[in-house]
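*Asks:* This is the structure I have questions about; it appears just below.
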Amino acid sequence: MKVAVLGAAGGIGQALALLLKTQLPSGSDLSLYDIAPVTPGVAVDLSHIPTAVNIKGFSGEDATPALQGADIVLISAGVARKPGMDRSDLFNVNAGIVRNLVEQIARTCPNALIGIITNPVNTTVAIAAEVLKKAGVYDKNKLFGITTLDTIRSNTFVAELKGKQPQDIEVPVIGGHSGVTILPLLSQIPGVSFTEQEVADLTKRIQNAGTEVVEAKAGGGSATLSMGQAAARFGLSLVRALQGESNVVECSYVEGDGKYARFFAQPILLGKNGVAERKDIGKLSAFEQQALENMLDVLHKDIELGEKFVNQ
């Protein structure tokens, strides 16, 4: 099993690489790539951790050596949010980075499962899909926008509010991965109920949690460590599914039947070929139904922006 992390020298990439080095199955290969010259050194640093995970680092313009033979590619490359920016401000820089890296994936390991972390995810996943399509290698069951951070934040905030153990809570989060497109389905948590005010406040906090971190870091960065953990959780779920484990379910932003939007975050059953089944989002409360309808314009525009970027 080979996992490649692109953007491995950044805040998310280093945290993700550390978690994968300690948690990937024995005998796995982990390859780190970043344009930054420090990347081979990050790999050497991590190589001293005593786990049976082989690690190599690559830097420079060409990601090909890192991608050769990869089963899973996780992309965190790009610029991070600063105070006053929203995820869409990142578009101008990150769109080009994602296009370039996905073109290299299409040439080098076209059958790999691809997880996109680089924001704005609503748009960068659409860019990746169009690049793969142009190259003639697009499989919608193998491309994922990693929205796991919304899930782990929801789990944490609900557990805090209700005095529960966070590991006992699993909140499905649907829609997209920015602002109003993030919709935690709080009505679907077994044995936990909320007042209308709690639902409104929690939903808003989950939607704005990224900004909470950006402001708390006072210009020194964005959510890198929690995002690293979220990406590791999702990446390790992909590994377990590829190895044949059954009933591996994660919420992820994928191309589906287009009922709400071309790309939509929903619970996904993972399997040996990526998406095994897009699970139904289930029954929504009136609040959730309204929030879903209200987000769709934004989501459609985000997706269209990515499609146009590649096809203009």
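Using N, Cα and C of the backbone, Cβ positions are placed for all residues, glycine too.
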*Asks:* With GLY7, ALA8, ALA9, GLY10, GLY11, ILE12, GLY13, ASP34, ASN94, ILE117, THR118, ASN119 listed by Swiss-Prot as NAD(+)-binding, which of these, MET227, MET295, is given for the same site?
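*Replies:* Candidate in the recorded NAD(+) site: MET227.
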*Asks:* Considering only the recorded positions ALA9, GLY11, ASN94, HIS177, MET227, which residue has the minimal Cα-Cα separation from ARG153 (substrate binding site)?
*Replies:* MET227
*Asks:* Between the recorded positions ARG81, HIS177, whose Cβ has more other Cβ atoms within 10 Å than any of the rest?
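*Replies:* Per the Cβ count within 10 Å, the most buried is HIS177.
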*Asks:* When you measure from the Cβ of ALA9 (NAD(+) binding site), how many other Cβ atoms are you left with inside 10 Å?
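*Replies:* Cβ-Cβ neighbours of ALA9 (NAD(+) binding site) within 10 Å number 24.
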*Asks:* Taking Cα atoms as reference points, which of the recorded positions ARG81, ASN119, HIS177 is nearest to GLY7 (NAD(+) binding site)?
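*Replies:* Nearest candidate: ASN119.
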*Asks:* Taking Cα-Cα distance, which of the recorded positions ARG81, ASN119, HIS177 are within 10 Å of ASN94 (NAD(+) binding site)?
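*Replies:* Candidates kept after distance check: ASN119.
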*Asks:* Hey, what's the Cβ neighbour count for ARG153 (substrate binding site) at 10 Å?
*Replies:* 24
*Asks:* Going by a 10 angstroms cut-off between Cβ atoms, which of the binding-site residues ASN94, THR118, ASN119 has the sparsest surroundings?
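*Replies:* Least crowded of the binding-site residues ASN94, THR118, ASN119, by Cβ count within 10 Å, is ASN94.
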